[in-house]
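Have a look at the structure below, then the notes.
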Amino acid sequence: MELVNRQDPYLREVVRTAVCCRALTLLLQAVFNLLIPDHAADAFSPPRLPEPGMWDMLVERLLGGLARWDAEHFLFIAERGYLYEHNCAFFPLYPLSLHAVAEGTLWPLQPLLRLRSRLLLSAALLSAFFSVLAAAALYELGCGVLRCRRAAFLAALLFCISPASVFMAAAYSESMFACLAFCAMWRLEKGQSWLSALLFALASGVRANGLVNAGFLLYSCTKRLAFHFQVGSGPGRKLSPLWRQLLSVASSAVVTCAGICLPFVVFQYYAYVRFCGPGPELDVPKPLRQLALDKGYRLAATSGVKPTWCSQRFPVVYSYIQDVYWNVGFLRYFELRQVPNFLLALPVTLLGCWAAGTYVVANPRHCLTLGLERRKAEQEGKPRAGFCSPAVFVYVVHATALLLFGFFCMHVQVLTRFLASSSPILYWFSAHLLQEHELWLWTEGAAGQTVVSPPKGSALGASPGSCGPGAAANPLLRLLRSFPLLTPRSKCVLGYFLAYWLLGLALHCNFLPWT
């Protein structure tokens, strides 16, 4: 993927900042993990087999903060496969990648480190790599959608200090998913539908909410068809037969959506064969069998009564696990004792609602027509730039759908990382607010949101516009240095990103409740 363009100083700065933030995140998690004692949480914690050696203990000391909560599942799957039924809530592409790096790239370390330690090291490397790529992809996507290079630049820098930063660094699938999703969205904006569909399909092999991304391809096909008829309705223009256009769009939509759903379907079939079908008895170490007995975990390929989901017409283990093991469902989390978790999710909920409201107020007609009406400015090649541009519509709908589903149907505290790794809206809208209220942030003329073509020969290229001239100085550093002088609204936005970045590291890395 052509992410690092040496002629774009903004992109180079995004990559440099992302690398520095990842390094700082790893350093801080090690410090917090050493200084703060671990909380005795009731979380999945399989026994360590075999016993760790000296070098293993060193790796655990330095990177152990990355292996908390759900990270234990990913590391366990990468080491042992899907041994327990509830492991199937975690999709396979990320643990497969961990295993490949641990047994491939890090194979020379085998005499010093056991597999678990190499997997932990793999997680640190892969998560850092994917989060840097995700920042670069978000910048490229922002340039194409916002048509304002500065807004895209600031949004990508905010991603580097995302409120979900701890999950982008830990042995979680968030960084891999964000990278694949943002790259797929970017390729779709460039008109590369089939490559976009492939990347979206890979994303659905990382996280279940990757299935929702099929909506981008469906919308793209519908919009392309609607625009075709509007452009073709002018005098002297001939339209292809309606049936041919509909058949082309329908076949493209069906094939691409089927491809996106394929990893999910294949994984559910694999789980059915492993836990419902007859199979040889697995050679499971005694401590792991004892853990299953103590905790009530269901082992794969065991004789006896099969789980109830095996007899369903459509046996989907994922929904069964969410229902039975984690009590996920509509309004199930609306309990008085969950108020602290709703407070944790409050900032991202407010930002998401604010972003949707701002966009609807700025573009009422565009929203009513679902963005399928071609505007005069678009026909003339001068669309509005910035967060309220027409191209942002589908991303606002996607983010709002995820927000509503997460708020009413999920454990609400995960909403921060759920949105931060799935949608660019959190970063685009935050950048919009900061630019709107800190007019000094850029050089002269920066506050405008009209597309300004750079001079010929400029390193910034001709399209999309940069929203005014200026060097690629890091605006995030300027904001941090001038924090006491910021407007209250800007302090809230930037303070939210910083507070959740640091608090997440301090709490999550020590098994304390977090998002």
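Even glycines carry a Cβ here, placed using N, Cα and C.
TrEMBL labels come from automatic prediction, so no person has curated them.
What TrEMBL records for 119-139 (among others) is transmembrane segment. Non-local neighbours of the transmembrane segment (119-139) in the same chain are 1, 3-4, 10-11, 14-15, 17-19, 22-23, 26, 59-60, 63-64, 66-67, 71, 74-75, 78-79, 97-99, 101-102, 105-106, 109, 113, 152-153, 155-156, 159-160, 168-172, 175-176, 178-179, 182-183, 186, 424, 427; each lies 6+ residues outside the stretch with a CB under 8 Å from one of its CB atoms.
The transmembrane segment annotation in TrEMBL covers 151-173 (among others).
Summarising the annotation, TrEMBL assigns transmembrane segment to 193-219 (among others).
For 246-271 (among others), the entry in TrEMBL reads transmembrane segment.
As annotated by TrEMBL, transmembrane segment applies to 342-362 (among others).
What TrEMBL lists as transmembrane segment is 383-408 (among others). For the transmembrane segment (383-408), the list of distant contacts is 144-148, 151, 185, 189, 209, 212-213, 215-216, 219, 330-331, 345, 348-349, 352-353, 355-356, 358-359, 362-363, 366-367, 370-371, 375, 377, 414-415, 418-419, 422-426, 428-429, 431-432, 449-451, 464-465, 467: same-chain residues at least six beyond its ends, Cβ to Cβ under 8 Å.
Among the features that TrEMBL reports, transmembrane segment is placed at 493-514 (among others).
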Contact call for the transmembrane segment (151-173) against the transmembrane segment (493-514), three or more Cβ pairs under 8 Å: yes
Beyond the flanks of the transmembrane segment (493-514) by 6 or more, those residues with Cβ under 8 Å of it: 25, 28-29, 32-33, 36-41, 43, 64-66, 68-69, 158, 161-167, 170, 340-341, 344, 347, 351, 413, 416, 430, 433-434, 479-480, 483, 486
